[in-house]
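The Fe(II)-heme a binding site annotation in Swiss-Prot covers H100, H413 and rests on similarity to another entry. Annotation source Swiss-Prot lists Cu cation binding site at H278, Y282, H327, H328. The heme a3 binding site annotation in Swiss-Prot covers H411 and rests on similarity to another entry. The transmembrane segment annotation in Swiss-Prot covers 53-73, 103-123, 141-161, 188-208, 227-247, 272-292, 304-324, 329-349, 373-393, 412-432, 447-467, 490-510.
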Amino acid sequence: MVVGLSPRRLGTLRRMAVDRRTKSPRRTPARQRTNRTLGRALVRWATTTDHKVIGHLYLATSFGFFLLGGVLAMLMRSELARPGLQLFSNEQYNQLFTVHGTIMMLLFATPLFAGFTNVIMPLQIGAPDLAFPRLNALSYWMYLFGGLMVVSGFLTPGGAASFGWFAYAPLNSATFSPGPGGDLWTMGLVVSGVSTTLSAVNFISTIICLRAPGMTMFRMPIFTWNILFTSILVLPAFPVLTAALLMLEADRKFGAHVFDAANGGALLWQHLFWFFGHPEVYIVALPFFGIVTEIIPVFSRKPIFGYVSLVGATIAITFLSAVVWAHHMFATGAVLLPFFSLMSFLIAVPTGVKFFNWIGTMIRGSLSFETPMLWACGFLVTFLLGGMSGVLIASPPLDFHLTDSYFIVAHLHYVLFGTVVFAMFAGFYFWWPKFTGKLLDERLGKIHFWTLFVGFQTTFLVQHWLGEQGMPRRYADYLAADGFTTLNTISSIGAFLLGLSTLPFLYNVWRTHQYGEKVGRDDPWGYGRSLEWATSSPPPRHNFTSLPRIRSESPAFDLHHPDVTRHDQRHVQ
């Protein structure tokens, strides 16, 4: 017997000796192994500077906010399905639509662009990472912290912000909207807005300074061009919003009187907000135009039609979007109607050029309608309808009739949902093998598309008619005598179908992660054109083990189909 050891300690030593003799160490419980794996993943996410991991964090977080915003939307549509107040008070309804709009514009669509940019843009230009990796990580954590500040208003005694996502003065003041919810909204958007500005600087620096040898500006993919000009557009827009929000907080907490209505502050706020707000529409649109422009040539088996004109259209949209902000203010009577109306009509021209090029790429192409192409076509249909209604309300006489009605709600959802959500899912299905090395299931993807497409059209098409009949936006209630009940019920049914459409996608992601087969090649679609399809799926830490020669705007296609490339070159000569 060993002196000085307790019986329990002796038993432990004997078991260890048996384990050594049999060479079969004791197995760690499954739960403990899972906790260790999760812990390591959390540490890796918290400390990473890898642009791909940060991009995945952006995509996952923004999609989480998208789901939360969708839940808030379904709660609103539940209230509006029938006349009378069923579920919420007027104040609670105000909180729902305020946080819904804020999430969808500033916590979902904007960081979603940063997510796709982080993952894809360095691959497309042959860069090993972003120019400032640590700044990139800081930007993500600032976005997450700011977003949590905004939604944490629901946990305060007075509830979340309730003055609408564009927070018109004087309703945004502490007098009319007291409580910490408004302050959390204001400062949360300051933090997340600074994050977006820092990301824009990072993206511009990367595109200008870190392109691979041979990757000239006019060999860059259209997606990267759109990211460049989106980031340029962020630089004047977001600092204006940040400054306006800081002045608003000074009003609320320190009595600064910047936005007092007696001093013209109400109109000042509108000018400052919409000087940010309309460029913001294109900040969240241009990257998704780029995603669609990457997808259509691959499934048309053709190069993009009109590469240079697409770049020119992007430049024109960038500059025109900065001079149309006051078309949101026609009804104030305090803006130059002819100028802003003309500029609003004019911005439709470069957008029409893009449609011409997208359709021109498909004409006489060998089209195949895999899931990414379906989503791209859904984008074309939906965004076109939204753009047509936008041309209508660019006319001041029509805008006077339709402003602040459900026609505006329908228009903005056709433009923004039609662009961001349809192109987001197109990008997910297209680049998922590049993200993870596995293809999402095609059958589930098609179920997802058609369910969402039908749900979206059912929800928002009828809202044009509601607005034309005079139903105001942001009302929690209406009378049966108003005649809005039938269309509101249809819209609410569509909203729940829209919500249910997300379930096939979530199941598809889980099923692919658990049981999906590795694609095993650089380009699972077979006709990828840009440089990300010339590296493994998923890529290594610094993206490329070797770079192919870059002699055109389609380096991956040149690499994988040299015979076609040589034939095309001989044909051109």
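Glycine is no exception: its Cβ is also placed from the backbone N, Cα and C atoms.
Feature annotations (Swiss-Prot) mapped to structure.
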residue : record                     : CB count, 10 Å
H100    : Fe(II)-heme a binding site : 20
H278    : Cu cation binding site     : 22
Y282    : Cu cation binding site     : 25
H327    : Cu cation binding site     : 23
H328    : Cu cation binding site     : 21
H411    : heme a3 binding site       : 23
H413    : Fe(II)-heme a binding site : 19
Setting H278, Y282, H327, H328 aside, what same-chain residues sit with their Cβ within 8 Å of the center of the Cβ atoms that define the Cu cation site, listed in sequence order? W274, G277, P279, V281, S321, V324, W325, S344
Running the binding-site residues Y282, H327, H411 through a 10 angstrom C-alpha radius around H100 (Fe(II)-heme a binding site) leaves none
Same-chain residues at least 6 beyond the ends of the transmembrane segment (272-292) with CB under 8 Å of its CB atoms are 105-106, 109-110, 112-113, 116-117, 166-167, 221-227, 229-230, 233-234, 236-238, 240-241, 243-244, 314, 317-318, 321-322, 324-329, 354, 358, 376, 379-380, 415-416, 419-420, 423-424, 426-427, 430
Relative to the transmembrane segment (188-208), the stretch among 53-73, 227-247, 304-324 with the most Cβ pairs under 8 Å is 227-247
Here the stretch out of 103-123, 141-161, 227-247, 304-324 with the most C-beta pairs under 8 Å to the transmembrane segment (53-73) is 103-123
As a whole number of Å, the Cα atom of H278 (Cu cation binding site) is distant from the Cα atom of H413 (Fe(II)-heme a binding site) by 15
Cα distance (Å, whole number) from H411 (heme a3 binding site) to H327 (Cu cation binding site): 14
List, by number or range, the same-chain residues at least 6 past the transmembrane segment (304-324) whose CB is under 8 A from its CB atoms? 218, 222, 225-226, 229-230, 232-233, 236-237, 275, 278-279, 281-282, 286, 289, 293, 296-297, 340, 343-344, 346-347, 349-351, 353-354, 356-357, 360-361, 363, 553
What whole-number Å value do you get for the CA-CA distance of Y282 (Cu cation binding site) and H413 (Fe(II)-heme a binding site)? 14
Measuring Cα to Cα, how far is H413 (Fe(II)-heme a binding site) from H328 (Cu cation binding site) in Å? 16
